[in-house]
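Enquirer: In case it helps, TrEMBL gives these features for our protein:
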- Lys106: active site, proton donor (ACT_SITE)
- Lys70, Lys94, Ser363: substrate binding site (BINDING)
- Thr194, Asn233: NAD(+) binding site (BINDING)
- Asp148: site 'Important for catalysis' (SITE)
Amino acid sequence: MSVQNGGFSASVNAMYDRAVQLMDLRPGLVKKIRVCNATYTVRFGVRLRGEIHTFTGYRSVHSEHMEPVKGGIRYSLAVNQDEVEALAALMTYKCALVETPFGGAKGGLCIDPTEWEPHELEQITRRFAYELIKRDMINPAQNVPAPDMGTGEREMAWISDQYQRMNTTDINGRACVTGKPLNAGGIAGRIEATGRGVQYALREFFRHDDDVKSAGLDGTLEGKRIIVQGFGNVGFHAASFLSREDGALVTAVLERDGAVQSDAGIDIDTLHMHIRENGGVKGFPGATYHEDGAKLLEAECDILIPAAMEGTIHEGNAREIKAPLIIEAANGPITAEANDILRDRGCIIIPDLYANAGGVTVSYFEWVKNLTHIRFGRMERRAEEARHQLLVDELERLSKNRDVPWTLSSDFKTSYLRGAGELELVRSGLDDTMRAAYGAMREVWRARDDVPDLRTAAFIVSIGRIAASYQAKGL
Ligand SMILES: NC(=O)c1ccc[n+]([C@@H]2O[C@H](COP(=O)([O-])OP(=O)(O)OC[C@H]3O[C@@H](n4cnc5c(N)ncnc54)[C@H](O)[C@@H]3O)[C@@H](O)[C@H]2O)c1
């Protein structure tokens, strides 16, 4: 694991401790919120290629102040207990910040998914899910996973199906996991939700001139030079939306096998295709290849988007980073030590708790959709249409009256009656969530001289809400 000085959990806890020092909370509650409630380790065997292979997996529950608990399942050889516990803690704080009614959890399996064929991965995933389901560590009311590094909608479909086979009478079975394909109970816009959320977070930041000036920048996202580390689900979608829809210029992309750089901007879709066909960025035409990809974290740019994994910006390279604005699309990409070095140099960091909350926000919509058993948007559309129809009829009746000097245009009617489809509802719900959470975080940051950065402000908002939830329950 690349997080330095004591591990990922220590880094998250250091950030937590800084925030609680600025709050008025009882010491017992401070400790209760910080500790990880439970971590389950499972070792299981699967017969593959004529051999029994033993795998190690984890499911960690950080906080059950709200249930179900929520958090992705990661497939990576680097997965370990400290990592899942840190990620579970971040889920607790993230859910509170964006007001999704979940506690925090995370899971992981020590595996390199590229080493296995899809049918083998299915066997492994179903067996891992079986181990967790039989202990209620996957359950629509208690513990709801989602995709993370190395997993996607395919794995979520297998997990959902495994749960439903083992719980045939649970009518809410599909809600046991989110991030499923659309035809298996998923929701429009979930795959790209985290990248979309990064885009909405940056748009919100650029709506506040003071904040933009604090980073030494000006204007809008148009023409801003962006460097992206990690071109997976989150990094690719964020880069794609920001370049296609906001006019930003992605000048470098860093991947496992190196980095590609072009001051004229990289075509995101072409690079995506190149990586699919070649397994890495090397050989991408029209851009300079650098074997030491991580070195490009230090290149000149306006916005740096670490979207790979934790701890890639640490004490060892933080002084060399030139980006005035960093948005943490990954979880924990900046260690606690690096955070302070960067802040002291004037860099503004939009923290992970907020920046990558798009995934869990849209997962919440998917969970609600599964529990209601109705396509998101369908009810709303009918109700809205009926309401609008009444209004339109009334206005039309009035307009026929000679005393009223105007008539309704057909454009007005069309747009008023269009209603909202699932994707529109998901996007507007996500946008609303990202704006509200930024507002809450920013208010604390700007109102208090003792709050040094957006991250501390985010923790203060989130811990305050978790504390209120525990207190309301009478703990
Ligand atoms: N998928 C989600 O919905 C979601 C939601 C919230 C947060 N996150 C976080 O975002 C990060 C990325 O997740 P993802 O789902 O996009 O994973 P992914 O597996 O789809 O993509 C990760 C990408 O990063 C690359 N990578 C890994 N290590 C690297 C390194 N050291 N340098 C450069 N590139 C590297 C991988 O090759 C891969 O392309 C993780 O920290 C994850 O916890 C993901």
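Even glycines carry a Cβ here, placed using N, Cα and C.
All TrEMBL annotations are machine predictions without curation.
Relative to the rest of the structure, where do these features sit?
Expert: In the three-state DSSP classification, Lys106 (active site, proton donor) falls within a strand. In the structure as shown, the Cβ atom of Lys106 (active site, proton donor) sits within 10 Å of 32 other Cβ atoms.
Lys94 (substrate binding site): 29 other CB atoms within 10 A of its CB, across all protein chains.
Sequence-distant contacts of Asn233 (NAD(+) binding site), defined as residues of its own chain at least six apart whose C-beta falls under 8 angstroms from its C-beta, comprise Pro147, Gly152, Ile191, Glu192, Thr194, Gly195.
Note on Asp148 (site 'Important for catalysis'): other Cβ atoms within 10 Å of its Cβ, all shown chains, come to 26.
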Enquirer: Across all chains shown, how many C-beta atoms besides its own are within 10 angstroms of the C-beta of Thr194 (NAD(+) binding site)?
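Expert: The Cβ of Thr194 (NAD(+) binding site) has 29 Cβ neighbours within 10 Å.
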Enquirer: Measuring Cβ to any atom of ligand 1 with a strict under-6 Å cutoff, which of the recorded positions Lys94, Asp148, Ser363 qualify?
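Expert: What lies within reach of ligand 1, judged by Cβ under 6 Å, is Asp148.
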Enquirer: At a 10 Å cut-off from the C-beta of Lys70 (substrate binding site), count the other C-beta atoms across all protein chains.
Expert: 28
Enquirer: Note down the number of other Cβ atoms within 10 Å of the Cβ of Ser363 (substrate binding site), including every protein chain shown.
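Expert: That number is 30.
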Enquirer: Cβ within 8 Å of the substrate site centroid (Lys70, Lys94, Ser363 excluded): which residues?
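Expert: Here the non-site neighbours turn out to be Gly71, Met91, Cys95, Thr100, Phe102, Gly104, Ala146, Ala357, Gly359, Val360, Thr361, Tyr364.
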